[in-house]
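Annotated features in TrEMBL:
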SIGNAL    1-27  signal peptide
TRANSMEM  546-573  transmembrane segment
DOMAIN    547-805  domain 'G-protein coupled receptors family 3 profile'
TRANSMEM  585-605  transmembrane segment
TRANSMEM  617-638  transmembrane segment
TRANSMEM  658-677  transmembrane segment
TRANSMEM  701-724  transmembrane segment
TRANSMEM  736-758  transmembrane segment
TRANSMEM  764-786  transmembrane segment
Amino acid sequence: MDSWTKMKHSFSFCIFFVVLSHHGTKSFEQATAEGDIIIGGLFPIHESVNVTVNYDGSENQICDRCCYSLSLMMVQALEEINQKQELGNLTLGYLILDSCGDVTTSLRKIPSFMRGNCNTSAQQSSPVLAVIGGYYSEIAIAVTRLLNLEYIPEISYGATSGLLSDKTRFPSFMRTVPQDDHQARAISEILDNNGWTWVGVLTTDGEYARYITERLWYYTNQKGICFAFTSVLPDNLNDYLLGKSIESTVKTIIDNENVSVIVSFAKPDHMTYIFQKLLNDPQGTRRIWLASDIWSQSPEILNTKKHTLSDIGTIIGITFKSGNTTKLKRYLDDLDENPNHHNNNPFLSTFLKQHGSTSSEKLKTMIYPSAVFSIELAVKAIAQAIEDLCTDRDCKTKRPSPLELRGALWKAKFNMDEKNYSFDPHGDLNTEYDIVLWKQTSESLDVNDIVAHYSILQNSLTFISQETKHGNVTSRCTDSCQPGYSKTSVSGQPHCCYQCEPCAENTFSNTTDSEKCNPCEKNYYSLKGSSKCLPRKIDFLKWGDVYLIVLLSFTSLGAVLTIVVGIIFLAHWNTPVVRSSVGPISILLLLSLMITFASVILFGGQPNSYQCQARQVVFGLSFTLCVSCIMVKSFKIVLAFEFDPVIQSVLKKLYKPYLIIAVCMAGQVVIVTTWLIHSPPTADSEITQKNMKLMFCNEKLIPAFGAMLAYIGLLALICFGVAFKGRKLPDSYNDAKFITFAMLIYFISWIVFGPVYVNVTDKYIPAVEMVVILISAYGILFCQFFTKCYIILCKKEANTEKSFRWDIRNYSRDHKGSEDELSSKGIENPTLSLSLESFPNSQFSDSITDWNAVMKK
């Protein structure tokens, strides 16, 4: 840009400033102090403005509600620097204007800061190089746009809108307070720490309130916190809709009874009006107000002469880092209370006239500790930048320009309270937040009681006192879901409004407001609505179970009886009873019964895969051997007494006892081998209705299991058929009858086993098969051997050759016709054949032969 263009550009804005500063207004009051370098100050000395329009269209502005302390903080800091000669022979002066907390008023007064840059007269010899202020973001945004036309840096001590961090739009703006994004995070942390998830929000239509409300929504939404309502008030206190907005807001607050926590970004005046309306609300005492920095240290909002803090509830405030107020209070104590001695500061002069000797004490009540820190830090920053610029030059004769000062501020590193500070690339200075709790004293409100700190860098709250934790106050759309329940969203409602559903069986939640129920780990279970999982009890037929003890007792008894019978048979091996029972086959039968009893033991205890495979195989093979032996005995008896001679002759050739047993066993071996290879039984488990882990043997290939039992059944059926034909043998040859009974017992027990086995579903499934096996084994043991043992031990006279000979003679007499017919055909007497094969002893055979010869005579 060439010199002519710059001059034209500058002249145009000078005309604009002159018109703006003189349009419809009278001269502005301003506080001034001479100095080599002038610092501007823009403070809400009056916090609101009433504007009236005259009949000629001109406006009258009347500022009310005074707050002089902010400007005096800047004056005290500047005077301290001058007194200590921190800048050597350079002195700092000031030009302080009243913004009245209003954007339009501020814009009308801002040209006063820039007049020196347009006016070449000596009226204002020292241009304003920097401005401290304004307090509200709405004002700061408007003011910095104008100041940037002359590159004048603006350092705010209270404007916190995040928009001002955009250096493309606001290159001359800086601040000594954090931006509102951090404050929104701090508020969300407080809400989250106390479990307040359903909150109301009071805000305004100004830049500050819009931005921080948006950021608060962003952070609270991440933490599962919802806005029950958001009431927007006019930022301008003179808005004609303000009254209606206040009424509507108060009604909203009262109607939302379950909202106990309200976050407010409104101005102090807004809160004054709202509290006046809520003083008679019976629910007011339980409310908690979270005050943003804009009113967190404004005790004047509540008239303590008529009401106390408890009338409106609890107030927790977010404030900027608090400064040391000792120096300022000492400055106010030493303040000359003669108004005529402060003609350069009409604001202070007016105040002193109004309050007289109580002025100093009155001013002390207007001190904001956070503002003390922020304003003093702004003065320190400017002083350091000036010192940096004036190190190599004489600033008295060659004053730095605003642009030079702005550049120096970006680089400045300044110190206060033994800590170093500097502006970040966004022009922000990220200090901590203090959390204050308002307290009622006997005469006033204490708004400076710090109970916690919020670190921006660490994003964490550090509690000095537990008073900020109000666990007894709830602010929720829905009561918390207790452990054992999970949150379920409700259609059309915010995510904070939910239903609590009990956790299903085998799931749990052990925290409050759990989002979901977690499944129990393996081998653990839970009932509906449980907060923890319990270890599943493993259920199986335990060795200590009374039923298993009974069954094992019968098993042991059966094994003992089998051994006793074997001993008896071996001890009487050559007696007619043993020999008529086919001694070797009987011993083999007893051995198979012994193994069958032993297999019963495999059905008890905690199953494992080897046990599951062994128990069915051992039972299947042992009982097949048992039935095979009985079948051989059946064939032998019938072969001797009942068959047709032709058939008898053929069967005699085919009758090979041990080969028959081997063939029968081979069939079962094929079945069980196929079963074990293809899909062997394994130990398995399932969850019962009582939430127990039932251990059992899974037979896997059920057709193979059925084939094994069916094969035994087929052999038993053959035994039954053959034995039934020989049921009328002599009393000494009564095996056929007892075989028939044994097989009937077997059939009945296994027919009953089927439906019982299918319907039993608990640990007693193995016990069903154990019972059936025992019944079958006992049936054979009793029917095949007990009668013979009885004869051997108790009726020895029946276990003689004579007795057997007599039975045969009687049987032959009853069947004499048949014998004669057979003899005529040259066929040997079947009874003789039986006798000879059954009793190979030569002496006994000779006796039978002699008896047979007698019969023929």
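Glycine residues also receive a Cβ, built from the backbone N, Cα and C atoms like all the rest.
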*With Cβ distances under 8 Å as the criterion, find the stretch in 546-573, 617-638, 658-677, 764-786 that has the most pairs with the transmembrane segment (585-605).*
617-638
*Please indicate, using numbers and ranges, the residues of the same chain that are 6 or more beyond the transmembrane segment (736-758) and have a C-beta under 8 Å from a C-beta there.*
630, 633-634, 637-638, 709, 713, 716-717, 719-720, 723-727, 729, 765, 768-769, 771-772, 775-776, 779-780, 782-784, 787
*Long-range Cβ neighbours of the transmembrane segment (617-638) (under 8 Å; 6 or more residues past either end)*: 581-582, 585-586, 588-589, 591-593, 595-596, 598-600, 602, 651, 655, 657, 660-661, 664-665, 667-669, 671-672, 676, 708-709, 711-712, 715-716, 718-719, 722-723, 725-726, 729, 733, 735-736, 739, 742-743, 773, 776-777, 780, 784
_pLDDT averaged over the residues of the domain 'G-protein coupled receptors family 3 profile' (547-805)_ = 85
